[in-house]
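Reading through the structure tokens given below for one structure.
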Amino acid sequence: MYATPIGYADTRFETAADAPRQGVETPYAANVQVYESFRGGLVGLEPDDRVVVVWWADDADRDVLAVRDGDRGVFTTRSPARPNPVCITPCELLAVDAADGTLAIRGVDMAHGSPVLDLKPALD
């Protein structure tokens, strides 16, 4: 398997422990910085769109299979602590600057520097 980050999260949360459990639980705005080689993919994104940020929880514990003292398996949760910490966060798109690759978003739950793997339109 091979995946290349398209950018990274620029947030106020220095660690995963600082971030909210779910993006919908926070009003905080943040940025996604898209690397130059991927900025052509931003064409057509508009403020007020809803996007799903697909990101990698690079500081997550990858040895976890059960949560809450073992009463539930990790695959029944949205926890980033899991064998493959791929995370999805629906966000409100506040602004797009395709020239410098900056997306301003609201509803973030990722730590600063988290690799962003993809952006997808959110479905209602």
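Glycine too: its Cβ is placed from the backbone N, Cα and C atoms.
Features as listed in Swiss-Prot:
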BINDING   PRO20, ARG21, GLN22, ASP58, ASP59, ARG78, ALA111, HIS112, GLY113, SER114  S-adenosyl-L-methionine binding site
DOMAIN    3-124  domain 'TsaA-like'
Counting by DSSP secondary structure, give me helix, strand and coil numbers for the domain 'TsaA-like' (3-124).
16 helix, 45 strand, 61 coil
Which whole-number mean pLDDT does the model give the domain 'TsaA-like' (3-124)?
88
Give me the non-local Cβ neighbours of GLY113 (S-adenosyl-L-methionine binding site): same chain, 6+ apart in sequence, Cβ-Cβ under 8 Å, ordered along the sequence.
TYR8, ALA9, ASP10, ASP58
Least Cβ-crowded entry, counting other Cβ within 10 Å, from the binding-site residues listed as ASP59, ALA111:
ASP59
